[in-house]
Amino acid sequence: MPKKFNLMSWKSDKLWLMITIFSRFQQCFSLNITDIYNIISYVSWEETSSNFELEGIIMRIGVPKERITNEARIAATPLTVKQLIKLGFSVVVEREAGHLASFEDAAFKQAGAEIVEQQSVWDADIIFKVNAPLETEIALIKEGAILVSFIWPAQQPDLMQKLAARKITVLAMDAVPRISWAQSLDALSSMANVAGYRAVVEAAYQFGRFFTGQITAAGKVPPAKIMVIGAGVAGLAAIGAAGSLGAIVRAFDTRPEVKEQVQSMGAEYLELDFKQDSASSDGYAKEMSEAFIQAEMALFAKQAKDVDIIITTALIPGKPAPKLITKEMVDSMKPGSVIVDLAAQSGGNCELTEADKLIVTDHEVKIIGYTDLPSRLPTQSSQLYATNIVNLIKLLCKEKNGQLAIDFDDIVVRAVTVIREGEITWPSPPIHVSQQPQTKNQLIKYEEKPAARKISPWLKYISLMLAIILFSGFARVAPKDFLSHFTVFALACVVGYYVVWNVSHSLHTPLMSVTNAISGIIVVGALLQIGSGGWVTFFSFIAVLIASINIFGGFTVTQRMLKMFRKG
């Protein structure tokens, strides 16, 4: 049933929508005000209220409540609802859908959404979800609707068939390609960022000591040692969180190009003597050779005896997670150590990991296999995920007219569209990700330029003598004040040359800030001469203008430089 609007309860934004609709009618069909009045006359008015129906003009977005156990996230927030309404859509949210993420119904209402019951939310034209729909939810999706959610088409072929049977279009948020201009849509990276941070929080909760080292009256407390396996988005988030708590962090990744990223965050990068290209064309790490695996396993076995916490994030798309931490390594760890396995949903990187469980071994090593880490920070996760969806909608609704346009010429849209009007379009054509190769220090060969023609020393001496003779002759007839001013000017040129041109390029910005004082003196001197008349006034004005530009520029550069050191 098409959505009804009540004219008696319209707010200013809905009145604006009405005006926009009729203005579009007028633009498209060259209607005058009489024609618009006739259109309104044909709208069916009900006896009880002033209601009329608008169908096919704007699309309605529905946000249902997530019904999977331990799922607290929601696919929209009050902030993103406002953004969606500005794009021309109407939004309905299921009652108490955002309660577990601290987004109450009143906040959604204030943002412009309508709060409805479960059945009504599934009547929407576009459905936003976090997790793939359950079988009972699939039956509620109307034909021709658009579903935006995590789908995991490679792992769930049966789900793909059921969704295709509903004759709907499905946009998979987990299928966003790893390319630079799609980063704002990359929900996997957003959730991995949250998971990496939360992994450190869970480890700190289970770990029996401080992360940071301390020297107290009761003795010295050593810092915790943490090893992070995998320096992707989740791994880097874990490195940052652990380092901020004062732990000694070490990290390993099969891709040597991430070494600088790890070191820039204050962690130690663990290297292997074994060299192998590990970069794949899709931006993820690929499977390694048997020799490489043996080398890294030896490294992990050595580190397991020394570290207190291990956080693993290694995943291979479409395949089970590689086993990197063996039972023997776990047994060699110190009592009270903690392992957080972020790959638990795909089988785990540790042989003893069990999904959604906390395992404690016989010698008190705790293995965390929680698969709902993003949901354990529901407010932050929901905001990030909802923002990713809004960025996708902006890509699909460039006209801001409340209508989605699925353009397969756009490689990002093609990649995320796994089902189009009942037709399975997954997998999409491969998108090759170009990675900057790691470069070694090499000698750069420059083209030899032809040697400049040397000037004869005699010519230099002759030129210098002529300059001295001319200056001496000019000094005999020039006023005494001119000579003193000229001497100061010459010395200023020499000092200025060495002050500016001998300064390192990295110091040019603070140098501009300091020259404000010098430029101020120039302005004062020019102002004293500006009333003299004639050419003196003209040159004084030029001096004030140029010095003022330097002053304002110096203050601007100073402010920009100071902002670089401010947080928040």
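Glycine is no exception: its Cβ is also placed from the backbone N, Cα and C atoms.
What TrEMBL records for 62-195 is domain 'Alanine dehydrogenase/pyridine nucleotide transhydrogenase N-terminal'.
Away from its own ends, the transmembrane segment (226-249) comes close to residues 188-189, 192-197, 199-201, 203-204, 210-213, 255, 258, 261-262, 265-268, 270, 285, 300, 303-304, 307-315, 324, 342, 349 of its chain (Cβ-Cβ under 8 Å, at least six residues beyond either end). What TrEMBL records for 226-249 (among others) is transmembrane segment.
As annotated by TrEMBL, transmembrane segment applies to 458-476 (among others).
Annotated transmembrane segment per TrEMBL: 482-501 (among others), in sequence order.
Sequence-distant contacts of the transmembrane segment (513-532), counting only residues of its own chain at least 6 positions beyond either end whose CB sits under 8 Å from a CB of the stretch, comprise 539-541, 543-544, 547-548, 550-551, 554-555, 557-558, 561. The feature transmembrane segment is assigned by TrEMBL to 513-532 (among others).
The transmembrane segment annotation in TrEMBL covers 538-557 (among others).
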Sort the residues of the domain 'Alanine dehydrogenase/pyridine nucleotide transhydrogenase N-terminal' (62-195) into helix, strand and coil with DSSP and give the three counts.
54 helix, 21 strand, 59 coil
Using a Cβ cut-off of under 8 Å, list the residues of the same chain at least 6 residues beyond the transmembrane segment (458-476) that approach it.
483
Averaged pLDDT, computed only over the residues in the domain 'Alanine dehydrogenase/pyridine nucleotide transhydrogenase N-terminal' (62-195):
96
